[in-house]
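Shown next, in structure tokens, is the structure this report addresses.
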Amino acid sequence: MRLWGVVKGARALVLIDSGSTHNFIDPRLVTKLGLKTVPTEALQVMVATGHQLSTKGFCPKVTVEIQDLSLTVDFFVLQLGGCDLVLGGSWLKSLGTITWNFNTMSMAFQLQNQVYHLSGLPPSPLQVISDKSVRREITTACSLFFIQISAISGSPIALQSLPPADLSSISSPDLAALLNKYSHVFSLPIGLPPSRDIDHRIPVLDEAKSISLPPYRYAPFKKNIIEPMIKESLAAGLIRHSSSPFSAPVLLVKKSDGSWRLWIDYRSLNRQTIKNKFSIPLIDDLLDELHGAKIFSKLDLRSGYHQIRLHPNDVFKIAFKTHEGHSEFLVMPFG
């Protein structure tokens with residue numbers, strides 16, 4: 001939305017742009033008004049044309065008067081086209097709830113217990129020209145864009161995002177049916193994963209040497225957390241009781257959501273493991289292969305651990321010990 005504003009008594013064209021992350025001011029206006037700038041690390045900005053520009057400083061506390069609103073805003077200095085100032089997301093977020101009306105090109109919001117209404121400039125009339133006129137007017141090669149806007153519904157449509165942690169109250173029958181059809185994909189796995197062509201092996205430098213470390217001490221309340229984890233893994237068939245000469249200590253690691261994860265300290269075993277030198281693809285090569293691609297897909301696993309079976313001959317090597325006893329994993333663990 002474009003509207004006229006005033007900066008230090010000079011008229012300035014202001015663009016209110018919700019697609020812009022920051023506020024920007026054109027360097028020509030900065031020079032014209034003698035505004036104070038301070039050096040700052042250059043900010044890389046992707047503009048509407050697809051080009052990337054760098055900011056050339058920072059203008060703090062610039063007072064802008066727009067209709068009956070007076071505001072003081074910080075601006076990054078950036079070469080702009082078609083306007084003098086851009087008020088972006090950093091300013092719009094400070095307004096709270098905003099009511100937009102794109103039919104009248106206006107916006108309304110409440111600031112310091114006062115309701116403000118800002119009216120934008122009417123759009124410039126579009127002139128329809130023929131293809132012959134285009135060929136006559138354009139004498140040099142350039143890029144043209146064709147945009148077709150079609151109204152698919154005459155009634156307002158409200159879009160609401162579903163909370164990621166609770167899909168029990170899904171209002172869309174089609175989505176609910178889709179999730180029910182593939183419920184086995186979203187449910188937690190029960191039992192061991194299937195044996196595949198290659199199960200995980202753990203070759204060590206000295207097969208005759210066992211690696212056994214005493215268990216770590218941990219606070220009593222952590223025992224109450226570890227015990228149900230062990231019982232759950234036993235019930236799921238991921239671990240079994242062990243009499244292996246190998247033994248690794250365990251710790252509890254707090255996750256970002258506040259819950260706990262059982263972490264097994266296999267560092268001593270890792271030091272004795274013969275490293276697999278199978279090369280992984282170079283990231284730069286993978287990025288080069290994406291050149292020209294237009295459609296991208298993403299695969300995210302429901303569970304990131306306990307998905308690969310261990311070779312039966314190596315299960316005893318990843319035994320671990322807790323205050324409840326000695327166990328060993330049948331799958332690759334977290335550790």
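Note that Cβ sites are derived from N, Cα and C of the backbone, with glycine treated the same way.
Automatic, uncurated: that is what TrEMBL annotation is.
Secondary structure counts, DSSP: the domain 'Reverse transcriptase' (253-335) has 20 helix, 20 strand, 43 coil. For 253-335, the entry in TrEMBL reads domain 'Reverse transcriptase'.
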Average the per-residue pLDDT over the domain 'Reverse transcriptase' (253-335) and send me the rounded value.
87
